[in-house]
Amino acid sequence: MTIHRVVILRHGESEWNKQNRFTGWTDVDLTAKGRQEAIQAAKLLAASGFHFDFACTSVLKRSIHTLWQVLDELDLCWLPTQADWRLNERHYGALEGLNKAETAERFGPQIVKQWRRSYRTYPPALAIEDQRYPGHDRRYRALSASELPLTESLEATVQRVIAFWHQEITQRLLSHQRILLVSHANAIRALMTYFDAISNDHLSELYIPTGVPLIYEFDDQLKPINHYYLGDRDDIAARISKVKAQAFNRQ
Ligand SMILES: O=C(O)[C@@H](CO)OP(=O)(O)O
């Protein structure tokens with residue numbers, strides 16, 4: 001049996017991760033620490049013998065700059081890459097820009113947890129006139145009205161991420177390409193939900209650390225057979241706890 005591998009990487013720490021703000025499709029950049037996390041991830045991948053034939057990212061610069069740092073560190077700046085909106089973070093609607101701890105204080109931790117971690121709940125929607133609506137952004141001009149979100153549930157995110165997976169990744173995997181996919185916490189949760197049929201209870205406790213390579217292995221039928229984070233167990237556990245504590249820390 002051939003094992004097909006995909007390396008999935010959440011972008012490094014962003015300016016709004018640091019400020020604990022809902023980010024979604026808002027195009028904030030990496031912090032200096034975020035760039036370092038990307039370089040560290042690349043070093044780890046190189047030391048563990050990973051090689052790549054193709055890489056993809058969202059169209060958001062925190063993910064694109066993470067990929068650039070990784071490719072630069074691996075001396076793979078020539079690698080074919082694709083930036084696709086379907087790998088964007090889940091759209092957080094009218095929450096984008098708000099501090100997570102302040103939002104929990106204002107609306108209550110339960111509803112904020114539901115907005116962040118349930119499968120079907122939509123965060124409050126944007127109005128179409130709102131400058132944060134992606135219909136005002138040139139990079140999304142090819143999207144139809146039904147594809148342009150005013151807000152997204154995780155379920156809606158799953159639909160587009162999985163469409164990307166089937167249209168752009170599966171054929172490459174079957175032709176033995178080694179793939180690096182750089183994306184965002186909820187887009188990665190969406191992929192994991194699809195791969196592993198995760199229950200809603202487990203899903204709400206699934207936190208994805210920044211800058212830690214997540215290795216997914218598939219069999220010949222592209223059935224997922226194993227996944228694991230690359231790196232030091234204690235360090236990874238500490239990073240996951242930090243993401244988990246986010247809604248409660250003002251920072
Ligand atoms: O703000 C966001 O876009 C995401 C990821 O940082 O946040 P959360 O983990 O709360 O879904």
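Just so you know, glycine gets a Cβ as well, placed from its N, Cα and C.
The annotation active site, tele-phosphohistidine intermediate is assigned in TrEMBL to His11. Look at TrEMBL and you will find Glu89 tagged as active site, proton donor/acceptor. Residues or ranges marked as substrate binding site in TrEMBL: 10-17, 23-24, Arg62, 89-92, Lys100, 116-117. According to TrEMBL, the site 'Transition state stabilizer' annotation covers His184.
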DSSP three-state assignment (helix, strand or coil) for Lys100 (substrate binding site): helix
Recorded positions listed as Arg10, His11, Arg90, Lys100, His184, least Cβ neighbours within 10 Å: Lys100
Cα-Cα distance linking His184 (site 'Transition state stabilizer') and Arg90 (substrate binding site), given in Å to the nearest integer: 8
Gly24 (substrate binding site) versus recorded positions His11, Glu89, His184 - nearest by Cα: Glu89
Nearest recorded site to Glu89 (active site, proton donor/acceptor) by CA-CA distance, among recorded positions Trp16, Lys100, His184: His184
Recorded positions near ligand 1 among Arg10, His11, Glu13, Gly24, Glu89, Arg90 (Cβ under 6 Å): Gly24, Glu89
Lys100 (substrate binding site) to His11 (active site, tele-phosphohistidine intermediate) - Cα separation in whole Å: 19
C-alpha spacing of His184 (site 'Transition state stabilizer') relative to Arg10 (substrate binding site), in angstrom: 5
Neighbourhood of Glu13 (substrate binding site), C-beta criterion under 8 angstroms, separation at least six: Leu30, Thr31, Lys33, Gly34, Glu37, Thr210, Gly211
CB contacts for Trp16 (substrate binding site) [other CB atoms within 10 A, all chains]: 20
